[in-house]
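Here's the structure, in structure tokens; my notes come after.
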Amino acid sequence: MSASVAVYRSLYTEDRFKQAYGSEDGATGSRRLRDKLAGRCRCSKRACLHLLRDRVPIVQWLPRYRLRKWILGDTVAGLTVGILHIPQGMAFALLTSVAPIFGLYTSFFPVILYVFFGTGRHVSTGTFAVVSLMTGSVVEQLVPSPLEMNSSSSEAADFEAQRIGVASAVALLSGIIMVKLCMCGLQLGFLSTYLSEPIVKAFTSAAAFHVTISQLQSMLGLRLPRHTGNFSLFKTLASVMENLPHTNMAELLISLVCLAVLVPVKEINMRYRQRLRTPIPVEILTVIVATCVAYASSLDSSYNIEIVGHIPAGFPRPQMPAVKTFPDIAGDTVAITFVGYAVSVSLAMIYADKHGYSIHPNQELLAHGISNTVSSFFTCFPSSATLATTNILESAGGYTQLSGLFTSLVVLIVLLLIGPLFYFLPKAVLACINVTSLRQMFLQFRDLPELWRISRMDFMVWVVTWLSVVVLNVDLGLAIGVVFSMMTVICRTQRYVTIPTAQCQYYFNIIILPARVPGVKILTYNGPIYYGNRSFFREEMSRLLGLTPEKIRSWEKARKALEKRERDATISTVVRLL
């Protein structure tokens, strides 16, 4: 048995459509704008509460927290991510060219601030490899590392203070940019719109190569200056090849053993993540074992290996970043802000779509802005959402932002009590953790065959972005990728030609056309749909249809519950008949 529905409607010209459904002229538009501004400027108790709920989301979601259902998942996921933050925080501090303790600070303050201001329930913030690498390039340009320096001298302490002063200045300026844009009603969303999925994947994959090459010298025990600027990857690789005869065999052996442990266990975590309640914390176990072996064998004095050194216990004293460097770091900070925000919002949107809730990009801009601004006064470098820890947070069963409090608790215990015990930790171990944490980024090459079949234009965007980042530099390569992507947008748009006629004139927005079938809405969108306008299309369609991810999710739950009741009723009927 088949059913068919016939829909009949008249053709409309632009004039007839306006006569039938009205149009918004200039006077009406200006009146609406004036009323909207007047409403925003009006001060009342209700407006203050509304502003508080919008700007501090924890006020909205915490009273509705389902304690019995969610607390166990948030606790387990938060503690799991916290354990991972400890080795990764210290490891990514090496990418930033600062002492490992500052990586622990950056794994604490931004995380706890995001709990109060963030809207992504499954987002884990902290140190991120790409952002750390870009910040490290700025630090190396302004405070280059000397080849010979006594690590226990006062000169070394002043040197580290200068470096973290520059890194925290980058975080402060980045946070100010985000907060200022949010307060002005602007968003970086219009920029991140042009960061399509091929660009993000190509950029992170190419940046992973930069991270890996930069860690070779620590894994081989070579004391080499860090190269920055264009062609830095090839300069670093050539420098490492030239100094291979000076390899420290003890550090090379440590690196090989760590890789032999980290790579298989991380592969097990990935393949059996559905069966494992929590992933095996191989990074922190490797750090503990390596520290004990280095201490028992006195590897630093016997084989001249480079160790982490003194890690002070307790909180850092608030101090002003090196604001005098703002003119020198402004250009690089804009790129770091752009990358950090784009990656964070992309991750938040991915998991929001997966779990059926909405995030607010403008509030995410404010959340990361406040996190970077406040934490910069506690000697932190720029932070953002991270790929690895966000994936683990979601797979470990996290439900809400409250998991960030348990993550901060783990890092807090390390800062107050355990930190000094990592004095003898070899830096080669941290370099291996850096390299193995990039597994997901390297595996993005698997998407290329499917991308070629779906869209050869997107395939070209991926290849151009990847080659630009690898050959030139992270900042310039990303800019080239975005420009090339925008050029493809122009090409795609120009391909779609609309010729208005006397009978029908087309519109480049979504319009509800009259339908004669009850419960049916007919939408028309006469234009190409691509990544540059997909967010607008989706939001506008949801607004016109009155659909939100939360409503769709509740309807799905109701449908499943109804199906379950009908299935149980059928089974009980069959049992009675038998």
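Just so you know, glycine gets a Cβ as well, placed from its N, Cα and C.
Small disclaimer: the values here were computed from a predicted structure and weren't measured.
According to TrEMBL, the protein carries these features:
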type     : residues : note
TRANSMEM : 70-86    : transmembrane segment
DOMAIN   : 72-465   : domain 'SLC26A/SulP transporter'
TRANSMEM : 92-116   : transmembrane segment
TRANSMEM : 164-190  : transmembrane segment
TRANSMEM : 244-264  : transmembrane segment
TRANSMEM : 276-296  : transmembrane segment
TRANSMEM : 334-353  : transmembrane segment
TRANSMEM : 405-438  : transmembrane segment
TRANSMEM : 459-487  : transmembrane segment
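When pLDDT values are averaged over the domain 'SLC26A/SulP transporter' (72-465), the model yields 86. Of the candidate ranges 92-116, 405-438, 459-487, 405-438 contributes the most Cβ pairs within a distance under 8 Å of the transmembrane segment (70-86). Proximity of distant same-chain residues to the transmembrane segment (405-438), defined by a Cβ-Cβ separation under 8 Å and at least 6 residues beyond the stretch ends, is recorded for 74-75, 77-79, 81-83, 85-92, 94-95, 100-101, 104-105, 107-108, 111-112, 115, 124, 129, 208, 211-212, 215, 218-219, 221, 251, 254-255, 258-259, 262-263, 266, 283, 286-287, 290-291, 294-295, 299-300, 305-315, 388.
The stretch in 92-116, 244-264, 334-353, 459-487 that contributes the largest number of Cβ pairs under 8 Å to the transmembrane segment (276-296) is 244-264.
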